[in-house]
Structures are given as C-alpha cells and as structure tokens.
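Participant: When I checked TrEMBL for this same protein, it listed these features:
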DOMAIN    A:68-273  domain 'ABC transmembrane type-1'
DOMAIN    A:363-562  domain 'ABC transmembrane type-1'
TRANSMEM  A:12-34  transmembrane segment
TRANSMEM  A:72-96  transmembrane segment
TRANSMEM  A:108-127  transmembrane segment
TRANSMEM  A:147-171  transmembrane segment
TRANSMEM  A:209-230  transmembrane segment
TRANSMEM  A:254-274  transmembrane segment
TRANSMEM  A:304-329  transmembrane segment
TRANSMEM  A:363-382  transmembrane segment
TRANSMEM  A:403-422  transmembrane segment
TRANSMEM  A:428-448  transmembrane segment
TRANSMEM  A:486-507  transmembrane segment
TRANSMEM  A:545-563  transmembrane segment
Amino acid sequence: MKATKIRTAGSPVNGSAFILYGLIAWFVITFLIYPNINVYYEIFFSDGNFSFEAVNKLLSSDRAMRSLYNSFILAISLMVTVNIVGVALVLIVDYFDIKGAKILRLGYFTTLIYSGVVLVSGYKFVYGESGYMTKLFANLFPSFDTTWFHGYWAVLFVMTFACTSNHVLFLSNAIRKIDFQTVEAAKNMGGSTFYILWRVVLPVLKPTMFALTILLFLTGLAATSAPLILGGTEFQTITPMILTFSKSLASRDLAALLALILGLSTLVLLTIMIRFEKNGNFISVSKVKSVLVKQKINSKIGNIAVHLIAYFLFLIYIIPVLLIVIFSFTDAQSISTATLNISRFTFDNYIQVFSSMAAFKPYLVSILYAAGASIAVVALALTASRILHKYKNKWTNFLEYSLLIPWMLPSTLIAIGLIVTYSTPKMLIGNTVLVGTVWMLFLAYVIIHIPFTLRMVKASFFSLDNNLEDAAKNLGAKPFYTFRKVLLPIILPSTLAVLALNFNGILADYDLTVFLYHPLYQPLGIVIKNSTDAQAVADTKALTLVYSVILMIISAVILYFVYGRKSKS
Amino acid sequence: MITFKDIQIKFGDFHAIKNLNLNIKKGEFFTFLGPSGCGKTTILRSLVGFIKPSSGQILLSDRDITDVSIENRGISMVFQSYALFPTLNVYENIAFGLRVKKISKSEIDREVRDIAQKVDLKEAQLSKKVSELSGGQQQRVAIARALVLKPSILALDEPLSNLDAQLRVQLRNELKNLQKKFGITTIYVTHDQEEALTLSDRIAVFNNGIVEQVGTPQEIYNRSQSEFVCNFIGDINKIDAEVIQNSQLKNFIDPYKTAYIRNEKVSLSALPQHKDVVQLKGKIVDQEFYGLYTKYLIEVAGGGCLKTIEKDNGFDDNKVGDEIDFYINANDILQY
Amino acid sequence: MRKILNLILLTITLGLIVTACGGNNTANTAKPESSAADEPAANEPVKNEKLIIYTNANSDGRGEWLIEQAKAAGFEIELVGAGGADATARLIAEKSNPVADVVFGLNNMLYESLKKENVLVKYVPAWAGEVEEGLNDPEGYYHGLVKQAILLGYNPTSYTAETAPKDWTDLYNNPEFHGKYEAPTLLGQVTPRLVVAGILTRYRDEKGEYGISQAGWDEIKKLYDNGVGAIEGEDFYANLASGKTPLGTVVSGTLDAKEEQYGVKAGTVSPEVGVPMIVEQAAIINGTKKMETAERFIEWIGSSEVQGKFAAQFNSMPANTKAVAQANDAVRELYSSLKAQALEWGFIADHIGDWVEKIELQIMK
C-alpha cells in the first residue's frame with residue numbers, strides 16, 4: 001500500500017502517457033460501458049417506462065428457475081471437480097516423477113485444441129448410447145442401461161475434463177516457480193510425499209487456483225454444449241435459453257435479465273475472490289531459489305497408484321480426440337451409430353472440404369481476425385495492467401471493473417449492444433457507423449477476451465519485482481523502453497500463452513461471429529456452420545468432424561509455436 | 001555536494017521523514033544507518049528521485065534537483081535485490097544504461113568491458129544469464145551497471161544484506177576499495193552498524209524519521225549523542241541502579257539519568273590510579289569465546305550485572321566462578 | 001529471440017494503434033470505397049455493380065451454381081450465406097447501414113419480420129403473376145421462388161402408411177406415439193418454430209394469450225409433454241433411420257440426400273389440414289444504392305427459365321408455375337399429394353417470438 005503511494009508520487013505523468021490514458025478511457029467508455037448500458041436501456045425502457053414483466057415471467061417459469069438453479073449447481077460443482085482434476089494433472093506432469101510424463105502432457109493438452117459441440121460429441125463416441133464404453137459395459141452386465149450417460153453427472157464428467165485447459169497452462173507455470181528448497185526443507189523435517197504436497201506445495205499454488213476458480217465459475221454458468229447435448233430433460237442450464245431469447249426481439253428483455261443475474265453473481269464471486277487474493281497473497285521469501293526437481297513417490301503402492309491414475313486420465317483425455325479424427329474419415333451413418341467399419345472409410349469428406357473451400361479465404365479471414373484481435377487484446381491488457389500496477393486509486397478501480405464488464409454479459413448481448421449502438425452515426429466514434437464494417441467483429445473479439453486476458457496478464461505483472469522498473473528508470477530508461485526491454489520479456493511467456501488461447505478461441509467462434517461478421521469477409525466459423533447446417537443435405541455430420549480436425553491442427557500448430565518451443569528451452 | 005534542506009516526506013498520515021537537514025561532501029562515503037522503518041531508504045529514494053519530498057529541497061552542487069527527473073540527476077542506484085534484469089545477460093545488463101543513451105556500439109563495448117574488469121567480472125561471465133551467477137557476482141554486475149554510467153553519486157540500498165557472512169566482509173572491503181578507486185560520492189543505506197562503522201567516512205543515524213546524530217564512526221561510537229544511538233551502535237552495558245548505589249560510581253552519575261558503558265570500557269585489569277577510576281568487585285558467571293577476544297558476564301557484588309570483553313592473551317587467567325576486581329573510568333560513562 | 005520479440009512488439013503497437021483509432025480508420029477507409037463505387041457508375045447508362053446478396057440457400061452447391069448462372073447472365077454477385085434466422089437478424093441490425101442489396105431464400109415468416117422492420121423495398125417483378133397463388137406477398141415486397149414443405153416423417157419399418165399418425169395432433173393425442181416422436185424443442189431454429197406455428201394457428205383466438213386460445217396452448221403442452229426432446233448437434237434423420245425416435249419433422253428438399261446417407265427412405269404424412277409450406281422468396285433491400293441492378297437481378301432469378309433450371313438441378317419444387325414442368329418427377333409427385341396449410345404469415349411473424357418465449361418458459365420441461 002505504502003509502496004504504491006510512493007510510486008505515485010515519484011512518477012510524473014507526461015504528455016504521451018496522457019494520450020494513452022485518454023485512449024484507454026475512450027475505449028472503455030465507447031466499447032465497454034456505453035453499448036452495454038444502451039442495450040439495457042433499450043430493452044427495459046424502450047417504451048418509456050421500466051416494467052417488471054420480465055421478472056414476473058421468469059419467476060413464474062419453473063423451467064427457467066430450474067435451469068438457473070442447475071447452472072449454479074454446475075458452476076459450483078465444477079469449481080471443485082476441475083480443481084481436483086486440474087491439480088492432479090499438473091502434479092503428474094510437473095511435480096511427480098512419472099514415467100512418460102511428456103506423452104501424458106500431450107494427452108492432457110488436448111482440451112486446448114477443441115471445445116464445444118465437437119468435444120462433447122467426442123465424449124459421446126465413448127460414453128454415449130452406442131459409445132465404446134457403453135458397449136463394453138453392456139457386454140459385461142447385460143442389464144446395463146445404455147442410455148446411462150446423461151443428466152447432471154454426465155455433464156459434470158465431460159465438463160470436468162474439458163475445463164482443465166487453464167490449469168495445465170497456468171497452474172503448471174506456478175508449480176514450476178515453487179522454491180524447491182522449501183520442498184527439501186519439508187522432506188528434511190520428515191514430511192511424507194503427500195504431506196509435503198498438502199502443506200507446502202498446494203498452498204503456494206493457491207493464488208493461481210483462486211484466479212482459475214473464478215474462470216471455472218464463469219465457465220460453469222456459461223455452459224452450453226454439454227448440458228444441451230448430455231443434460232437430457234432433467235439437467236438443462238440457463239445459457240442455451242439466454243441464447244435463444246437473445247436472438248428473438250420479443251424475448252430480449254428476458255435474455256438481458258438472465259444475463260444480469262449471472263453477471264451479478266459473477267461480480268459477487270469476483271469481489272470475494274479479489275478480497276481473498278489481497279489477504280492471501282504471499283511472495284516467496286527465499287532469495288536464492290532452486291529449480292524444482294521431480295519428486296519420486298517413495299511408497300511403492302502410492303507410486304503404482306499415481307502411475308495408474310496418470311495413464312487412466314490420459315486415456316480419458318485422448319480417446320475422444322482420437323475418435324473424432326478417426327470418424328472424420330467415415331460417413332454420417334457410422335458417426336451416428338458410433339461404429340467403425342473399414343469399408344466405410346473414405347477420404348471424400350476431406351476432398352469435399354478442400355475442393356469446395358478451394359477458396360482459402362475463410363481460413364485467411366479467421367486467422368487474420370484471430371491474430372489481430374488476440375494481439376490487440378493482449379496489448380490493451382498489458383497497458384491496462386501497467387496502469388493498474390502503477391497506480392491505485394478510484395479511477396484505476398473503475399478501470400479494472402469496467403474491463404471486467406464483458407464477463408458479466410453473454411457475448412450475444414454484447415454483440416447486440418454494439419449493433420444497437422453503432423448502427424447509427426455516433427459522436428464517440430467520429431460520427432461513423434460501425435455496423436457493416438470489418439471493425440465490428442474485430443472490436444467484439446477484443447471486447448469479449450478482455451477480462452480473461454486482463455486477469456492473466458495482470459497476475460504476471462504483479463509478480464514482477466518493482467525494483468526492476470526503478471532500476472531501469474535509474475539507468476535512464478524511458479517508461480516505454482523499460483516496458484519493452486525489461487518488463488515485457490519477463491511476462492512474455494505467460495502473455496503468449498494467453499494470446500494463443502485467445503487465438504484458438506476466436507478461430508472457430510460462431511455465436512458471437514454470426515451477429516457481427518462482415519458479409520464479404522466470412523470467418524471460418526460461419527462457413528463451417530453454413531456448410532453443415534441442417535438445411536444442407538451433404539454429409540454434414542462428417543463435414544463437421546473434418547472441419548473440427550482442421551481447426552484442431554491449426555490450434556495445435558499455434559500452441560506448438562507459443563508453448564512447445566518455450567518448454568523446450 | 002548534496003544538501004537536504006528541511007525535507008519532509010509524508011505518506012498519508014505517516015511521517016516517514018520529519019524535517020531533515022543534512023550535508024554530504026564530495027567524495028564522501030556516507031552511510032544512512034538505522035533500524036528498519038526509520039526512513040533511511042525513503043530518504044535515499046528521494047535523493048535518487050523515486051520519491052518526491054512533501055516539502056523541502058534537495059540540492060546537488062547547489063543545483064536544486066527536487067523536481068529533476070530520475071535520469072537527469074546523475075545518481076546511480078544499486079538495489080537490495082540488485083534488480084538485475086533476468087531476461088538480459090550480464091553484458092546486456094551492464095550495457096543497459098549506455099544503450100538508453102544511444103552511444104555507439106563500439107564505445108558501449110569498450111565501456112562495458114572496462115568496467116567489468118574493474119569490478120573483477122571475468123570475460124566469460126559477460127555472456128552468462130544473471131541467474132547463473134552467485135550472489136557476489138550478481139552484486140558486481142549491479143555495481144558495474146551503476147558505475148558504467150559514470151554517475152556523480154552512487155546510491156547503495158543494503159547491497160550486502162543478501163549475502164552470507166564471509167562474503168559480506170569480503171565484498172565490504174571490495175566496495176570500499178572500489179569507492180576509493182573511483183573517488184565517487186557514495187550514499188550507503190544499511191541497518192548493520194558494523195558495516196556502517198567499517199565503511200563510512202561519516203554516518204547519519206536515523207530513528208523514526210529523524211536524524212539522531214551525524215558524525216564520523218568514532219564520534220558516533222564513542223560520543224553517542226543520544227540513548228538511541230548508543231544502544232544501536234555496538235554492544236553496551238546499561239549500568240544497573242544497584243551497581244551505582246553500591247559503588248563510588250554514584251559520585252559521578254546523575255541519578256535522574258540512565259547510564260551506559262561500552263563493554264570494552266569495563267576493564268578486568270587495573271587502570272592507572274586516578275580520581276575518576278572506580279574499582280568494583282564481582283564474580284564471573286559466564287564467558288563466550290570469540291577467538292579474538294572473550295566476553296565475560298560479571299555478577300557485581302551487591303547486585304546487578306555487567307558485560308566486558310578482554311583480548312585473548314593466551315593465559316586463560318579468567319574463568320567462570322572466579323572472584324575478580326574490575327575497573328571503570330567514569331569519563332567513559334554515557335548519561336542520557 | 002530479440003528479433004522475434006521486436007516483431008511481436010511491433011505488432012502489438014500496431015494493434016494498439018489500430019484498436020485505438022479503429023473508429024477513425026473505418027471512416028477513412030470506408031468512404032473512398034463506397035464513393036468510388038458510386039461515382040463512375042453515375043455516368044454509365046446501364047448500371048451493373050456487384051450485388052451483395054444474403055441467403056440461407058447457398059449450401060450444397062446451390063450457391064456456386066447460382067453465381068455461375070448469374071455470371072453468364074451478366075451479373076456479378078457475392079453470396080453471403082447464413083441461417084435463416086441469423087440472416088434476418090443481420091438484415092434488421094444493418095438496416096440503417098445496409099450491406100446487402102438483395103435477399104433470397106428464407107421463408108414467408110422471416111420476410112414478414114423484415115417487411116415490418118422496414119428492411120425491404122417494394123418491387124413487383126414481371127414474373128410475380130406466374131407464381132402459384134397465395135405464395136407472394138400481397139403487398140408486393142417479396143415474391144416466391146422455391147417451395148419447401150415441412151413434413152411429418154416416419155421410419156418405414158416402424159410404421160406403415162396406415163399405422164403412421166395422420167396429423168401432428170395424433171402424435172400427442174394417441175398414446176401409441178408417446179415417446180416415439182421428436183418434439184420441436186430447438187426453438188432457435190426456423191423449422192421447429194414453423195411446426196409450432198402450424199399447430200397453434202389452428203387455435204386462433206384474439207382474446208387468448210398471444211392470439212391463441214387456451215385449447216391451443218393445452219395442445220402444445222401435450223406435444224411437448226409426450227415427445228422426446230431434440231438434441232443439439234444430432235441429426236434427427238439418424239434417429240428416425242435407426243428407429244430410436246421413429247417420428248418427427250423432416251424438410252422435403254433434404255429427403256433424397258438423407259435417404260442416400262442413412263439408407264432409409266422416410267415415409268411422410270399428408271394431414272388433411274395441409275402442411276406448413278414455406279416458400280423461399282426474393283426481395284430488394286431498402287436503402288440499396290444499386291436499385292436498378294437489383295431489380296434486374298430479381299427479374300432474372302425468379303424467371304421461369306432460371307427457376308426451372310434450378311429445380312432440375314437441385315430437385316426443388318419451384319413456386320413459379322411455368323417452371324414446375326422442369327422439376328423432377330418424384331418431387332412433383334410428392335407435392336401433388338401435399339396440400340399447403342393455410343397460414344397467415346403476418347400473424348405468425350407478429351407472435352412467434354412470444355410463442356417461443358411462452359413455450360420455453362412455461363410449456364417445455
């Protein structure tokens with residue numbers, strides 16, 4: 001606290017900094033605050049006065065209430081289960097001495113390259129009605145109910161394994177930064193492997209886990225594909241309903257209201273977590289850190305058990321991906337019955353995709369959008385983090401919470417906000433119309449990725465030694481030079497990881513894209529959806545898988561460039 | 001050369017520095033000494049430019065630098081953590097400040113190698129990552145990085161506190177030698193009185209945001225002007241009331257003051273006869289052997305305790321349990 | 001490493017500049033483009049600018065075919081494909097700065113929404129009179145191209161023409177079919193909405209909730225209570241073919257392809273009341289700067305010649321009576337047995353949002 005004040009006093013604001021702050025303020029007001037307030041205003045006050053009709057409608061709907069309840073149950077469950085699995089993965093890959101950890105890591109990384117409907121269908125190939133596991137169980141126990149895989153437990157199962165991406169990226173970063181001497185000290189005092197884990201290692205991971213837990217809560221609330229596909233009638237969640245309502249003019253008030261409920265509960269959790277973070281943050285006190293050495297598990301039984309768990313998890317992760325790849329070479333019949341027959345193998349799907357998409361354009365458009373937007377959002381988050389790091393006052397609090405707004409609204413409503421607001425000339429953007437330009441989608445991609453990026457970039461910013469900046473300043477470096485030469489290189493690895501995640505997220509997005517894309521520059525997500533639409537009569541099932549495989553490859557390449565090379569060095 | 005004029009530094013309600021006035025001469029090795037939280041680092045940072053004083057002026061060779069930006073003050077700082085840039089190698093760290101000044105590559109190269117040699121960094125170490133260096137080597141890099149800019153003032157913030165004892169002593173000497181070699185005005189912040197005494201030309205002892213005493217190490221040690229200073233510097237005896245009451249000391253000591261005497265001024269061997277020398281009796285109850293000297297704890301006859309140190313003379317003539325006479329020169333007593 | 005770093009930095013800086021100045025840049029880049037397109041055209045006698053056309057009917061080679069045909073006829077067109085509901089939403093969103101010049105495909109209900117939102121401009125093509133009666137917009141904003149029937153299909157091994165339900169109402173009124181049919185739960189899509197509309201509009205009551213009598217709502221409730229929910233990402237035809245859910249909605253135009261994929265030919269039901277017949281239409285966007293070209297394009301695309309060729313190529317059923325002759329025999333046969341349900345599209349378009357909301361909130365479980 002004292003230190004921040006000192007810093008405030010010591011850094012005179014110069015002209016270019018003022019321009020930068022002005023730009024940030026403009027961006028926040030123009031794209032985060034104004035459109036969203038505008039959309040809420042239009043929805044609730046369009047006829048001149050506020051009505052509680054939407055509230056009554058929701059309260060009187062059993063289904064809405066149940067879905068809302070389910071969303072919260074799912075979000076809270078995920079906060080527990082994903083942390084358990086995520087920590088297990090990270091320990092297996094980075095902490096324990098497990099044979100084949102490198103291959104295991106690849107398996108655990110698969111969630112980074114696919115998501116949504118595709119991921120869930122991958123799991124259905126394994127556990128669904130005609131999935132492999134189900135068939136196996138049915139053979140073992142003739143009375144086995146083949147429709148077992150639905151409802152709360154099925155959704156929780158799939159999402160638990162699907163949502164560990166951030167853990168394998170960010171928690172493993174954190175565990176590698178543990179001061180190994182503390183582990184050795186604990187060992188020296190006679191701590192058993194698991195006692196040390198519990199008392200020494202996990203507490204150090206706590207700050208990162210807090211940050212990830214907020215994300216899990218959000219993911220749980222926003223769950224769409226898994227409940228839709230696996231929830232059955234008994235476990236539907238609220239987000240699909242919000243999506244449906246937000247697309248219908250008559251029901252937008254309901255969508256906005258539901259989104260507001262989710263947003264406010266996110267805000268409550270966020271506030272609690274930020275408070276926790278403030279109280280519970282501790283910095284490693286040791287001056288000479290030593291590198292983590294992978295721990296052998298001394299107990300033989302324990303060792304075997306951990307190896308078994310590791311490979312069991314590996315199978316859970318890798319099989320759906322493998323099946324998606326394999327089934328992309330088959331036809332709709334094979335896919336819907338989950339049967340593999342060598343005679344049904346074909347390259348036709350791939351030929352069709354590459355011949356009808358001979359135009360490389362959608363790939364190019366998507367890659368450019370993804371690259372441009374993910375770089376811009378990282379740049380914005382870096383700038384904002386630097387401001388938040390440098391100053392602490394009511395304006396920076398305001399800035400931080402404003403930048404988190406997109407977490408409180410579903411992306412479809414953000415899109416609608418932009419459309420409603422910028423379909424007519426507005427002073428804020430120099431009296432131009434944004435709707436119908438290529439910038440619309442770009443801005444939206446940037447906006448919705450701000451909160452996550454900010455959280456992650458800010459965390460790495462705040463782990464920096466303040467003295468580095470002072471030292472550079474003392475050596476005569478200007479702030480930007482310091483940032484470029486000293487600070488950025490240090491936080492670059494985690495920043496690049498966020499960049500890659502954003503890139504992959506944007507690449508195949510549909511829900512947001514469909515509202516805002518420029519008709520002449522159709523991104524991949526739109527092209528895929530169109531050619532696999534129910535209206536289309538081609539072998540849409542197989543095509544979806546082919547596109548998924550292509551997207552997986554692009555994502556994997558991106559991750560390799562950002563992550564694979566770094567972890568080697 | 002450096003003048004602090006009526007400096008006050010406030011953080012909210014907290015008065016970190018209360019009206020400081022101080023003059024530091026050119027070429028001096030000047031130390032800010034004090035316990036943590038006394039304001040010594042704060043004043044150093046205000047000199048370097050990280051903190052703007054709430055009021056008062058900082059003058060550098062009669063130029064008011066209170067509002068001058070950090071990079072234009074010509075003061076280089078070495079940080080407690082060294083703040084070496086982890087992503088740059090040793091060479092790049094040293095060259096950092098020169099690069100900023102847009103000096104030609106060849107000149108940078110010459111300067112970097114020159115300073116590296118002067119601080120005893122080997123050629124091979126220049127291409128290493130800073131994390132691969134030992135604590136002592138890291139410190140050399142930090143100093144080289146500061147000195148390469150040829151600052152008029154070098155500011156060091158507890159630069160030895162991260163090092164083990166032996167290295168501290170060794171680097172302390174190196175630091176002193178370097179300072180002599182470059183003749184650079186050096187401001188040194190530490191909480192370690194031994195460091196302060198051995199290194200400094202002059203010392204300012206800080207306590208609670210004010211300077212208790214400014215002076216040479218000898219003045220600070222032998223003529224501590226306040227109770228705080230005498231307690232903070234060196235090991236000292238507070239003379240118990242019983243000891244005074246039961247001896248001739250009562251003739252010399254103001255009963256309303258607290259009396260102190262340095263350990264080494266309590267003598268086990270007889271002092272020359274003088275009206276000011278007081279003889280006392282006691283028993284050795286404990287001893288600690290330090291090699292160079294031995295420290296004894298004496299239980300004074302009639303109550304109270306005093307510590308003393310005696311140079312080891314090899315005869316081992318004082319043992320625990322011995323009844324002894326000991327002597328105090330009343331002029332050595334400090335009263336506050 | 002340093003080079004990479006610098007590169008990244010450069011891009012980040014550029015990114016920042018771009019984000020920061022996004023609004024202004026748009027203004028600068030967008031204007032010359034549009035004016036460049038406008039000005040030279042003003043001097044030419046025949047305007048023939050590139051048309052931007054929104055449609056949901058460009059998949060499976062239809063788009064490519066049309067572009068080629070249009071090119072031969074002297075039109076330069078760019079097709080923007082999107083689902084019917086999404087295309088409609090876009091058109092409404094862009095109405096103050098329209099990108100599209102022409103829209104075709106979709107269905108009457110969506111065109112009614114567009115008309116209501118002032119997205120369309122009135123234009124009656126010469127071929128309007130050739131279109132089967134009742135399919136065009138009587139007000140002259142949009143005109144019919146291709147007919148699509150929304151059918152109740154059944155698995156031919158589970159049911160015969162005799163044992164199959166006779167109407168949608170049988171599904172929930174006859175306990176035999178309970179749990180055997182797919183209920184139209186994915187109400188974000190157009191087809192399920194039309195199924196619902198097809199049932200609800202039979203119970204019109206101006207005094208009822210959202211224009212539907214309580215009896216109608218009771219019927220719809222039974223439909224959802226006794227059916228199997230549709231699952232996102234699943235192809236219903238697969239469930240029909242496997243017999244898992246042997247009854248449900250199929251769209252006429254896709255039947256052949258599905259049969260080929262799953263090896264099962266679905267039987268279809270012709271209720272007495274008729275089936276919801278959706279008609280793909282064509283219309284010009286209000287605010288287009290290329291009105292003249294757009295008009296000529298509408299004239300061309302709806303002509304019996306083009307529609308006939310299209311029907312022959314893609315097994316569709318043209319709305320243009322003069323083109324029907326060129327349609328595939330099987331298609332003509334199917335349509336000859338089908339009766340179009342009398343639906344008032346304006347009424348449906350006005351209420352469908354409320355209906356969906358009520359079903360989502362109160363009827364579905």
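The backbone N, Cα and C atoms fix where each Cβ goes, and this holds for glycine too.
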Participant: Cβ under 8 Å to the transmembrane segment (A:108-127), counting only same-chain residues 6 or more beyond its ends: which ones?
Facilitator: 89, 92-93, 133-134, 149, 154, 157-158, 161-165, 168-169, 224-226, 229-230, 313-314, 317-321, 323-324, 327, 338, 501, 504, 508, 544-545, 548, 551-552, 555-556, 559
Participant: Under 8 Å between C-beta atoms and at least six residues away from its ends: which parts of the chain pack against the transmembrane segment (A:72-96)?
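Facilitator: Distal contacts: 104-105, 108, 152, 155-156, 159-161, 163-164, 166-168, 171-172, 175-176, 197, 201-202, 205, 209, 212-213, 216-221, 223, 227, 237, 265, 292, 294-297, 306, 309-310, 313.
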Participant: Should anything in the same chain at least six residues away from the transmembrane segment (A:254-274) have a Cβ under 8 Å from its Cβ atoms, list it; otherwise answer none.
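Facilitator: Apart from its flanks, the transmembrane segment (A:254-274) reaches 39-40, 43-44, 54-55, 57-58, 64, 68, 71-72, 210-211, 213-214, 217-218, 221-222, 238, 241-243, 245-246, 404, 407-410, 412-413.
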Participant: Can you work out which residues elsewhere in the same chain, 6+ from the ends of the transmembrane segment (A:363-382), have a Cβ less than 8 Å from its Cβ atoms?
Facilitator: 24, 27, 357, 403, 441-442, 445-446, 449-450, 453-454, 456-458, 461, 488, 491, 495, 498-500, 502-504, 506-508, 521-525, 554
Participant: Counting only pairs 6 or more apart in sequence, are there at least 3 Cβ pairs under 8 Å between the transmembrane segment (A:147-171) and the transmembrane segment (A:12-34)?
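Facilitator: By the criterion, they do not touch.
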Participant: Within the same chain, where does the transmembrane segment (A:545-563) have neighbours whose Cβ lies under 8 angstroms from its own Cβ atoms, ignoring anything closer than 6 residues to its ends? I mean 6 or more beyond.
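Facilitator: Residues packing against the transmembrane segment (A:545-563) from afar: 109, 112-114, 118, 121, 169, 321, 324-325, 327-328, 335, 349-350, 352-353, 363, 367, 496-497, 499-500, 503-504, 507-508, 524, 528, 532.
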Participant: If we skip the immediate neighbours and take only residues 6+ beyond the ends of the transmembrane segment (A:209-230), which ones have a Cβ under 8 Å from one of its Cβ atoms?
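Facilitator: Tertiary neighbours of the transmembrane segment (A:209-230) are 70-72, 74-79, 82-83, 86-87, 115-117, 119-121, 123-124, 149-151, 154-155, 158-159, 162-163, 166-167, 170-171, 236-240, 243, 262, 265-266, 269-270, 273, 276-277, 280, 407, 410, 452, 455-456, 459.
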Participant: Take the transmembrane segment (A:403-422) and find every residue of the same chain, 6 or more past its ends, with a Cβ under 8 Å from one of its Cβ atoms.
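Facilitator: Those are 28, 31-36, 38-39, 42, 218, 222, 239, 242-243, 246-247, 252, 255-256, 259-260, 262-264, 266-267, 270, 381, 384, 429, 433-435, 440, 443-444, 447-452, 454, 511-512, 515-516, in sequence order.
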Participant: When you scan the chain for residues with a C-beta under 8 Å from the transmembrane segment (A:428-448), skipping those not six or more beyond its ends, what do you find?
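Facilitator: Distant Cβ neighbours of the transmembrane segment (A:428-448) are 26, 29-32, 34, 369-370, 372-374, 376-377, 380, 406, 411, 414-415, 418-419, 422, 506, 509, 512-513, 515-518, 521, 523.
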